[in-house]
Amino acid sequence: MYKCDIHKWTTPRLREQFKMNSSPPFCIFFLLVNLACMKICLADPDNLQDLCPTSPEKQTIFINGFPCKDPATVNASDFKNSKMGEQGDTDKFFGSSVNIVTAAEFLGLNTLSLSVARTDLAVDGLVAPHSHPRASEIFFLSKGRVFVGFIDTNNQLFQKVLSPGDVFVFPRGLLHFSLNNGFDLATGFSVFNSQNPGKVSINGAMFQPNIEMIDKLKKTIISLSKIEANRFKNLTLPWF
């Protein structure tokens, strides 16, 4: 005779619902669903130790993250990084520089689900549309005037012109961009909720950049910034 004991792995309410249908197939299905939910809840557990700076030694075992340093060798220097103070080289094709610092370079970030970035934009400099598949991004503008925006899965554009001190959020996995529409160098800083956010750029994946394409893209984004200034904040972009 088939027997399914659910008292150890369900709540009282679920047990009442289970009594309404206690056939063997239903019991097995119920158990599988419950186990799947438990797996999802435990997919990203909390840290099991206070500290876990990335080990600087060559990695020979590949895991979802980085191995920890020997606790006896951990020191305060593991939790300091000065790369955000270094201005990036904007003498490039797009007139921009983005330096993302992850747990690979900033050892103290390991297991904390954090990474940081600095963005420098020359006048008319552009960070072309791209996405971060593993993280949302909080962008803080420190200097200059920058037009930013992101596009959701309905091709709707959310856009704003930022001034120093403003903060903008780019949701995880959505295409976003930034353009310097001021008259001086612009600098912004970002925080990601992943120690390795990743980057997918449409220009690198779909076509080779050229001057004509960049000029057309910049003119399009500049025209969007003027629309935003006229209070038409959100648009649908079937062409993007």
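Just so you know, glycine gets a Cβ as well, placed from its N, Cα and C.
Under the heading Mn(2+) binding site, TrEMBL lists His130, His132, Glu137, His176. The annotation oxalate binding site is assigned in TrEMBL to His132, Glu137. As annotated by TrEMBL, disulfide bond applies to Cys52-Cys68. Marked as domain 'Cupin type-1' by TrEMBL: 82-215. The signal peptide annotation in TrEMBL covers 1-43.
Confidence over the domain 'Cupin type-1' (82-215), given as mean pLDDT on the 0 to 100 scale, stands at 90.
The two recorded residues Cys52 (disulfide bond) and Glu137 (Mn(2+) binding site) have their Cα atoms spaced 23 Å from each other. Excluding His130, His132, Glu137, His176, which define the Mn(2+) site, the same chain contributes Ser131, Phe150, Phe170, Leu174, Leu175, Pro197, Lys199 within 8 Å (Cβ to the Cβ centroid), listed in sequence order. Looking only at other Cβ atoms within 10 Å, the busiest spot among the binding-site residues His130, His132, His176 turns out to be His132. Compared over the disulfide-bonded residues Cys52, Cys68, the count of CB atoms lying within 10 A of a residue's CB peaks at Cys52.
Of the recorded residues, His176 (Mn(2+) binding site) and Cys68 (disulfide bond) place their C-alpha atoms 33 Å from one another. Cα to Cα, His132 (Mn(2+) binding site) and Cys68 (disulfide bond) are separated by 25 Å. A C-beta separation below 8 Å, combined with a sequence spacing of at least six in one chain, links Glu137 (Mn(2+) binding site) to Ala117, Val169, Phe170, His176, Ser190, Val191, Phe192, Pro197.
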